[in-house]
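Features reported for this protein in Swiss-Prot:
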BINDING   CYS49, CYS74, CYS137  [8Fe-7S] cluster binding site
BINDING   CYS256, HIS422  [7Fe-V-9S-C-homocitryl] cluster binding site
Amino acid sequence: MPMVLLECDKDIPERQKHIYLKAPNEDTREFLPIANAATIPGTLSERGCLLRRKLVIGGVLKDTIQMIHGPLGCAYDTWHTKRYPTDNGHFNMKYVWSTDMKESHVVFGGEKRLEQRMHEAFDEMPDIKRMIVYTTCPTALIGDDIKAVAKKVMKERPDVDVFTVECPGFSGVSQSKGHHVLNIGWINEKVETMEKEITSEYTMNFIGDFNIQGDTQLLQTYWDRLGIQVVAHFTGNGTYDDLRCMHQAQLNVVNCARSSGYIANELKKRYGIPRLDIDSWGFSYMAEGIRKICAFFGIEEKGERLIAEEYAKWKPKLDWYKERLQGKKMAIWTGGPRLWHWTKSVEDDLGIQVVAMSSKFGHEEDFEKVIARGKEGTYYIDDGNELEFFEIIDLVKPDVIFTGPRVGELVKKLHIPYVNGHGYHNGPYMGFEGFVNLARDTYNAVHNPLRHLAAVDIRDSSQTTPVIVRGAA
């Protein structure tokens, strides 16, 4: 089947190249959706600013001030968008720093303002000695030299270290560019500027995991049981200085390839550290990932023992949910790689049928992976918009949608439940225990009788529809 032109896109026919319906015996290379391309004007894109994706990586660090050099509004989309707990009292979730640029600073320059705010932040947080400074659209347009300011502050304060990220919101087609700039900037400027103590014969960097509701901390229990030292978490529950030591690891394990695969590639090129990609959502994928890591280190028996213990503990609970979710239909509308991380895991481990997928900032390689893993009859959408979501919902009639709150609150008005695939409902979702949590939240969303109230007009005394639909589970 060719690419699909939805009815809502008839006035924007260019959108046809971005939507694919998988059919039998088709060469997916011929029908691969266009991705990582500029949004077509007028399409009500769900994409976000590049600053947001830089903060998704850098903002997770637990010991670092995140200074946003720009108007106060640019600091809105920060710590509250996802929940990144840490084991030091959640420092990164308590504060937002902004230089609060005003019109006069735009006219006359904001470098003095930035310098003042950097000193002020370090004075107010005397125990914090690390900072990342981000440019925004206004400060980039007026040419503020944030690197020069950072060098001046570090010279005046020898005990601090500052990293700058120059990637204003307008400099890419989607937020994905922010990932790339931060990855490459970090390895160019900060990797191999510090050494840490190595305490195990097995060492790795765990790359592309941001500790959403404790993902990193749950997986860390696996690595501890296997005797593997994680040199650096990029960046969930991680520290600024640990990331400076990434060159010391024997292996780079990559979870989210879109946000962090760039630094893994550079570590391989510059230091010869091999890259190993895994999926950590789903029982089958998590077990496969553990086996791959253990095979690299030659500790296969330890890995099999860990997998057996986790299966014995959590598989019966997963099977309970699978029995009750079997045959339900799901749409997955997330950022990029989670499409291909989740599609097969929810189908194989939960018996759910994935009927539509949309990516905000995925690249063509992400669509290659998800289409290869997905089933026939599924819609694949790049940079989907609100009207397309409505039409796709009418076509595939999903029982539940995995997405973020922005789209999630929209579909709730259509009486369709959603599970927060960005910040999670009640995570963690990674690992064996985490996937049981995901199954539980999906079950609760699908079978919650309260959602049936949305279609009931309680003011109508003649309404005969039961307020609570019994036996929905």
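All residue numbers here begin at 1 and follow the chain in the order shown.
Each Cβ is built from the backbone N, Cα and C atoms, and glycine gets one as well.
HIS422 ([7Fe-V-9S-C-homocitryl] cluster binding site) has a Cβ environment of 19 other Cβ atoms inside 10 Å. In terms of Cα spacing, the binding-site residues CYS49, CYS74, CYS137 all stay beyond 10 Å of CYS256 ([7Fe-V-9S-C-homocitryl] cluster binding site). Across the binding-site residues listed here (CYS49, CYS74, CYS137), the residue whose Cβ sits among the most other Cβ atoms within 10 Å is CYS74. For the recorded site, CYS49 ([8Fe-7S] cluster binding site), the DSSP three-state label reads coil. The Cα atom of HIS422 ([7Fe-V-9S-C-homocitryl] cluster binding site) lies nearest to that of CYS49, taking the binding-site residues CYS49, CYS74, CYS137 as the candidates. DSSP gives CYS74 ([8Fe-7S] cluster binding site) a helix state.
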